[in-house]
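Here the structure comes first, spelled out in structure tokens, and everything after it is commentary.
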Amino acid sequence: MKQLTSSQVRQMFLDFFKEHGHMVMPSASLIPQDDPTLLWINSGVATMKKYFDGSVVPKNHRITSSQKSIRTNDIENVGKTARHQTFFEMLGNFSVGDYFKKEVIPWAWEFLTSPKWLGLDPDKLYVTVYPKDTEAYHMWHDVVGLPEDHIVKLEDNFWDIGEGPCGPDSEIFYDRGQENNDVAEDDPENFPGGENARYLEIWNIVFSQFNHLPNGKYVDQPHKNIDTGMGLERVVSIIQDAPTNFETDLFMPIIKETEKLSDGKKYAANKEDDVAFKIIADHVRAVSFAIADGALPSNSGRGYVLRRLIRRADLNGQRLGIKGAFLYKLVPVVGEIMKSHYPEVVDQQAFIQKVIKNEEERFQVTLSSGLNLLDNIIAEAKKSDDKTVSGKDAFKLFDTYGFPYELTFEAAQDAGLKVDKKGFDEEMKAQKERARKARGNLQSMGSQDVTLMNIKDKSEFEYGTLEEKHAKLIDIVVNDKLVDKADGEHATLIFDKTPFYAERGGQVADHGEILNQNGELVARVTDVQHAPNDQNLHFVDIILPLEKGQEYILKVDQKRRRGLKHNHTATHLLHAALREVLGTHTHQAGSLVEPDYLRFDFTSLEPMTKKEIANVEKIVNEKIWEEIPVKTTVTDPDTGLKMGALALFGEKYGDTVRVVQIDDFSTEFCGGTHCENTDQIGMLKIVSESAVGAGTRRIIAVTGPEAYKYVTDRDEILKEVQDEVKATKAEDVTNKISSLEEDLRASQKEAEQLKAQINKAKAGDLFNDVKQVKGLTVIAAQADVEGMNDLRELADNWKSSDKSDVLVLAAEVNGKANMVISLNDKAIKAGLKAGDLIKTAAPIFGGGGGGRPNMAQAGGKNPAGLKDAIAKVLQEVEEKQN
């Protein structure tokens, strides 16, 4: 068998199929771009759906790829079995109506066994086929030459997920020998395709030749397809003679680096530690690539998966004796292993590390307390009759300590316990309900949904000119009912065509007027929203009666529309500038386009520096002043992506999309309204940059007249400050302020020195009144001071005065009670503790406090009780002495 690295195996696979006329397709992002049904890309074929369903015709009907994939449905098995992973690579070759069984089966055999390629021992290869698939059997036996006892017929070898394309499949297995098995040689599961560790599945070839009809019948597909998948990690484990995937060159460098970070732990020393090493190695691969592709930790969706993986890895780091954040330190190792085919981890290494480290540090704050609570919860559950961790306890771990439910479930399972999932879900539901009530009842179109869903009439939004549009009124909704005439106060209208933009994609709706054919104002448009069937709904205040079927003149508020166009184009410029300054890992996380300002949310872990903000603003304004034409193209999503358009994560695109291009600086999918040229924006001014959540920042900016107003307002403020500080010109204001600040600091220093002298004099008076309480000397008094700081300063003076063994000082400040108690070593040796004394006294003046044995302080609401509190302390001093 050849000695090959994982990189060589990957490249060899792609080269083999390239030689057989295949187009090598780069791995798609782990984040699905055009499939809202998927959380992650989880296989090679997941990226081929558009070709197999006919929605897109590929340039080459033969395709091969090595696809990054994430699956977390069996996450609890990662580390405990030889093959389970959350992140893996799927090598695949695909035929879209081109070749079929007579080509793909011999190719698979050639790649696996030819000395030019992998050179595996043919005697160790077995295949499974569907019993009725005589063609596949013939190819394996008569053409390839596999003996009958190496071909297993299995009813399960039929790929079918319900309605749609389906067909038989053929799986290829490698015999690792009985010495690597986990069942006896005579076990009924000891065969290729059975539940055993001896026969390792390395390749699955699906022959998609039938169509499963709704009536349950199967008919031949006119165009037959091939879909294959070979797990890179599995085949590499065979090539490198590794007992599991984790002993290959894809994982071992990560495990070795983890050993260095651990408390002297070594891989292969004991089973429990090995599980932890494997989990860490797998999870750091998954999160590194997911973050490189644009995902960030959060409390929902794929962000929750990332958070769960990072925290699961950190928990296993604890088991290896690793203290604090550590997973981020393994990212460079991942990048080094994968860089030959996937440079993105190396390219974005600093950002990926920062994201992981931030998430780890957040978890570390509560990790220790959470683990202690988890141990206590498990101990209590073991004593219970039903051996179950309550849903309430599981939710507390989640809500207070950041432990995902799945981590609690795994810990409980390891301890032989169950978790009350229903109870957990009920707690979660109750919390969401509390949050909903706190937000209040938001207005929605929900009450109209039934009526609106039944409206099928077509309505077209017309981009472009803002001239008046003549349109027919085709539907009127009043009080959730369809009517033929509206003459009340409010109504919702649908026209056969409209120039009014409906709110979408962060851009708010157009406003305007509706006139009758005589030019009379009949209604004011106050909002426009999308109906369930995508018509534009015009919410109007009625002036004169409106009738269904009549022609009306629709007039958009041009000033408002201009503001919206300018600000929307500005958001595209801002997005591109942010990516240029902060890096291409920066993505849009939300936006709001209003006529008088814009708001843009973007992914970033840190606040922008003043220099970065200024640089972004400069780049945007340069593009505005370059007078660049804004080009809009209507096309299909695939063509748009090839044009370089940015697709927003989570957005679903239809068969046609609008691509907005600003030269080669910005290209985005966008359905909003835009300028014809960037110079129409005038200028942009960033008003603020702030945080809106973990990993998300927000910029608020103004353009055009609003930007001019913002600058002139600030100029007026500057002039007022200039007059106030008596600067001769605006450029001198900062120097003048610095000079005034210096004078102020000098004056404050003088005042503090004078105050210290006064306090010292007060201390002299106070410290002369010394009482003898049994074997200790005591100074106890109420002082005339301005605050607790003054009391503490008096106590500091007392320490160096050697006037007494005990100091009790009290003061009333702004209607509040304050007390300080200090003890010297003699008083402490006599059995006194300042913290205990203050806790006895504080309730008397309506407060609480604490401190160290030699110094304590307290505050309260009832200064009238200070005299009695001092007396109580003196009593305690007398009684508590040894």
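Placed from the backbone N, Cα and C atoms, the Cβ positions cover glycine too.
According to Swiss-Prot, the features are:
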BINDING   H568, H572, C670, H674  Zn(2+) binding site
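Every protein chain shown contributes to the tally, and the Cβ of C670 (Zn(2+) binding site) ends up with 23 other Cβ atoms within 10 Å. The residues near the Zn(2+) site, meaning same-chain residues not in H568, H572, C670, H674 whose C-beta sits within 8 angstroms of the mean position of the site's C-beta atoms, are T569, T571, V630, V660, E668, G672, T673, in sequence order.
Around H572 (Zn(2+) binding site), the same-chain residues at least 6 positions away in sequence with a Cβ under 8 Å from its Cβ are V660, I662, S666, E668, C670, H674. Spatially close to H568 (Zn(2+) binding site) yet at least six residues away along the chain are Q507, V593, L598, C670, G672, T673, H674, judged by Cβ distances under 8 angstroms.
The DSSP secondary structure for H568 (Zn(2+) binding site) is helix.
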